[in-house]
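Listed in TrEMBL:
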- B:THR196: active site, nucleophile (ACT_SITE)
- B:THR159, B:LYS185, B:THR196, B:GLU283, B:ASN407, B:SER412: substrate binding site (BINDING)
Number of protein chains: 2
Amino acid sequence: MAVNLSAPRAADLFPVPGVRIGVAEAGVRKANRKDLSVVLIDEGASVAGVFTQNRFCAAPVQLCRDHLDRVAASGGIRAMVINTGNANAGTGEDGLVRARRTCVALAQKLDIAPEQVLPFSTGVIMEPLPVERIEAGLPAAIADAKPDHWLRAAEGIMTTDTIAKAFSRRVTIGGVQVTVTGISKGAGMIRPNMATMLGFMATDATVDAGVMKQLALELAEGSFNRATVDGDTSTNDSFVVIATNKAKHGAITSLDSENGKALKSAMLEVARLLAQAIVRDGEGATKFITVRVEGGKTAAECRLVAYAIAHSPLVKTAFFASDPNLGRILAAVGYAGIADLDQTRIELHLDDVHVATGGGRNPSYREEDGQRVMKQSEITVRVGLGRGKAEDTVWTCDFSHDYVSINADYRS
Amino acid sequence: MAVNLSAPRAADLFPVPGVRIGVAEAGVRKANRKDLSVVLIDEGASVAGVFTQNRFCAAPVQLCRDHLDRVAASGGIRAMVINTGNANAGTGEDGLVRARRTCVALAQKLDIAPEQVLPFSTGVIMEPLPVERIEAGLPAAIADAKPDHWLRAAEGIMTTDTIAKAFSRRVTIGGVQVTVTGISKGAGMIRPNMATMLGFMATDATVDAGVMKQLALELAEGSFNRATVDGDTSTNDSFVVIATNKAKHGAITSLDSENGKALKSAMLEVARLLAQAIVRDGEGATKFITVRVEGGKTAAECRLVAYAIAHSPLVKTAFFASDPNLGRILAAVGYAGIADLDQTRIELHLDDVHVATGGGRNPSYREEDGQRVMKQSEITVRVGLGRGKAEDTVWTCDFSHDYVSINADYRS
C-alpha cells in the first residue's frame, strides 16, 4: 500500500502535443503483462536526459548517453523504447548488442535512424535481454500509440511498483497555455544519483536545445536526487525530458528568463510529485518521511546528514514501529561524516515536537508527543546543525517486513 | 540463532593474572538481568582503547578518552564499570555528570582516583542514566569479582545479543606462557569505525605503555573495523586492551619485535573471533558472509566496495532468501564510489563459483551453482576490480525479517 498516493486517472493526465504513446504485452519475463512501451516524438523536439552515476551502468544507459551526444547530427530524438522484466545490466558487450538491436528494430519500423531512438530497460540484472520478444512486440506497441496513453505508459513501466505514477500540470508561457506531463517508476534499488530508476517528462513548450540539458539536470537535482528508498543506486536510472516545441510562444533560451522560470517551476512541481510518488510507493513503505537538515555550512553537508538518517536501518525500522526511539536519529547525525560536528549544538524536531536541544533530550520533551507524531503516515524530521545557514531536504520511507519479503521473493 | 557460533564454556576461558571480574543485577532498565559489570585491574597494568568515530559519542566514551589521556598522571587505569540497558548517549552535559558519578562511586569503594576508572554504557540512546541504581549495584559487583568470571562478564554486557562472546588463547612469549582473553557484545548498530560496540581484551603479557595505543589500533583495524551488521556506527563503540604486565618476560617495546609479533598474532586471533562473533550474532542473521575485494589500486577503495556490498539492503535480503540474484552485487560495486571504475574488468566469484567475468555473466555460470552456494550458512563473495594489487575484507550477515522485528520491538 503506497502512502497517501492514489492511482492517477486518465482524465487528469493531459496529452502533450507532439507525443504519442503505445503499450504492448511482449512477454519479456512473464506473460500477460504490459511490459513494452514506445514513446513516439514528432520531428523538431528538444530532448535531454540525466542518467545513473553507477559505474556499472546498464547497456541501454550507455546507448542513451551515446545517442544524446550525437543528437544534433542524427536529426533529433524521435522515439523511446522501454521494457520491464529485464534491466540489461551486468550483461557486458552482448548486452550492448542486444540494446542496439531494439533501437534498430524500432527505427526500421518508424523509418528513422537507430541513433534517434533512446532505449530503456528495468528489471532483473545480469540476465540476457530477450530481444526477439521485444522485436516481436513492437508492431502492437506502435499500433497502440495515442496522445492520451500516458496512464497506460505509467502502468507499462511498473515493476514492483504497486501503483502507477503520473502527473500533469498546465502553465501559461508568453500568453500561451502549455502542458507538462510526466511518469515514473521506482519501488526498490532507489537512491537516485543524478536521475531515478525511470522518469519521463514531456512538455509542448518551446525550449531551445541549448538549455535542455541544464533543465533536465536542475529538475533531477530538485526532485529525483532528493528521494531514497533503500540507498541502492540503480544501474539503470534514467530521467528524460522532452520539449516538443509545439507551443507558439517565443523559444525559451534561458531558465532565468520569466518564461524559463515559469516553465521550470511547473516542470519541477511535476518532477517532485513523481519523485515523491516513488518514495510513497517504496517497497514495503508504510510512512512518508521528509528529512530536512538546516544550519549547515553547506547544502552538501546537510544532504550528507539527511541521507545518513534516511538510510539508517535502525531509524527506518523505528519509523515502521511508530516507536519514538529518536536517539537513533542523533546517532545517524553523528556518523554522517562531518568531522568537526559539535554535538552540543544539535537540535531535533519531529514535526512540531522539539525532541532534542543542545545535543541532549529537551527537558520539556514528552514521550507521548513523540509517539503521537510517529504514528502519522507523513512525518518531517528536522535537524539543526548550528553551523551555518545552508539546508537541504531528502524524502524517504520506513523499512518494514514487507521490504524484506518483497526483496527476498523478487525473482521467484 | 547465531550463525555457527556456540556459547563459550567457562572452562575454555583462561583467567588473566591481574584481572578480576564481578557482575551484578542493578535493574538499570529491567529487573533480574545481569546488567552491571566491574573489571578490577591490579596496579601496574598498561591500558589503551579505541573509541567510536561517531561525532555524537556517548558521555562514557568522552570520559574514557579523557581518563586515558591522563593515565600517566593518574597512576594508571585500575577499574572499568560497564552497564547495559542505557547508552548514556544524546544526554548532553547531564549525561557527563552521571557518567562521572559512576566513576567516583567505584573509585571511592576501591580507594583509587576517579580518573583511574573507565566507564562504559550500552543500550537505549537519549534517556537519562539511572546512576543511583548503578551506585547501589556496585557493592554486589565488587563482591562478585573473581579471575575466572570472564564468561559472567560476557553475559553481563549482552543486550540484543543472543549468545555471549568470549575467546581465549595462550602463547609463549620469551619462553613464558602468557594468556589472552577477550569478550565482546554487538548485535545491532554495528558498523564499527575504530572500535566495536563493546570489546575488552586482557593479557598478562608485559607490554610497554608506549606501544599499547598502537597495539589497540592495529587490533581494532584487523578485526572490529572489518565487521558490519547494519552500517549504523554506534555512539558508544569502545574497545579496550589491557596488559597486566604480570608475565616475567622482557617487556615488549615494539610490535615488530619477535615477541611483539607473537603477542599481536595471538591477540589478533582473539579480536577477529570476537568481531566475527558479533557478525554471526548480528540481529536476525541467518548467514555469515565474507566480502573480499581484490585487484584494487588501494586497500581503501577495496574497503569502499566491500562495504557497499555489505550494506546493500538488496544484497542482504537476497542472501537471506538464498536467491542468487547476483546482479545486485554488481550494482553495489558500481555505486561504491570509485569514479573511474571500468565495469568491463569486474570479476565476481561466490565461493568457488565464477559468476561474472569482464563485467558480464560468465558464459559457463549456471544458476544452480549459484543457488548451491547461496544456501550455505557461510559464503565468501570475492570481487576482482582489475585495477591493481590491493585487497581488503569485510564480514557481514544477511538481512532478515527478524532484523526488522528485533528493531521494531527493541524498546518495548
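Placed from the backbone N, Cα and C atoms, the Cβ positions cover glycine too.
Nobody curates TrEMBL annotations by hand; they come from automatic prediction.
What TrEMBL annotates, mapped onto the structure for a quick look.
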residue  : record                 : DSSP class
B:THR159 : substrate binding site : coil
B:LYS185 : substrate binding site : strand
B:GLU283 : substrate binding site : coil
B:ASN407 : substrate binding site : helix
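Contact with chain A, taken as any Cβ pair under 8 Å, is found for the binding-site residues B:ASN407 out of B:THR159, B:LYS185, B:GLU283, B:ASN407. Between the binding-site residues B:THR159, B:ASN407, the minimum number of other C-beta atoms within 10 Å of a residue's C-beta occurs at B:THR159.
If you draw a 10 Å sphere around the CB of B:GLU283 (substrate binding site), it holds 27 other CB atoms from the protein chains shown.
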